[in-house]
Amino acid sequence: MTKFVRKYMFCLVLVFAACSLVVNSIRTPPLKNTVNGGEKKNADIEQAQTHHKKEISKNGGVEMEMYPTGSSLPDCSYACGACSPCKRVMISFECSVAESCSVIYRCTCRGRYYHVPSRA
């Protein structure tokens, strides 16, 4: 009986580990932003994608998708729910000249502020 339970638990752990690996390895390409100057951002993304394709054809190696690193402006496309137009606004705080002021982005629609969704 305990042998069966051990095998069952081992199979269960193995299935969960495999599912975890699959979920963590799936990545989606960056979204094209159309809010607040999205045309320029779309052109930058497309240029980076075509540059990457040229690199692959030159090197003739294994294709790997590249994702931008570092900070980027938040996307408010889905932050406001059904309310539209949802726009990104910058909120800054008064601070002394010696220190740097933090900048916070919020999504706003019809006078209401919504939390900016994080990219995970």
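Positions of Cβ are set from backbone N, Cα and C atoms, glycine also.
Disulfide connectivity taken from Swiss-Prot links C76 to one of C101, C107, C109, namely C107. According to Swiss-Prot, the cysteine that forms a disulfide bond with C109, out of C19, C83, C95, is C83.
The two recorded residues C101 (disulfide bond) and C107 (disulfide bond) have their Cα atoms spaced 20 Å from each other.
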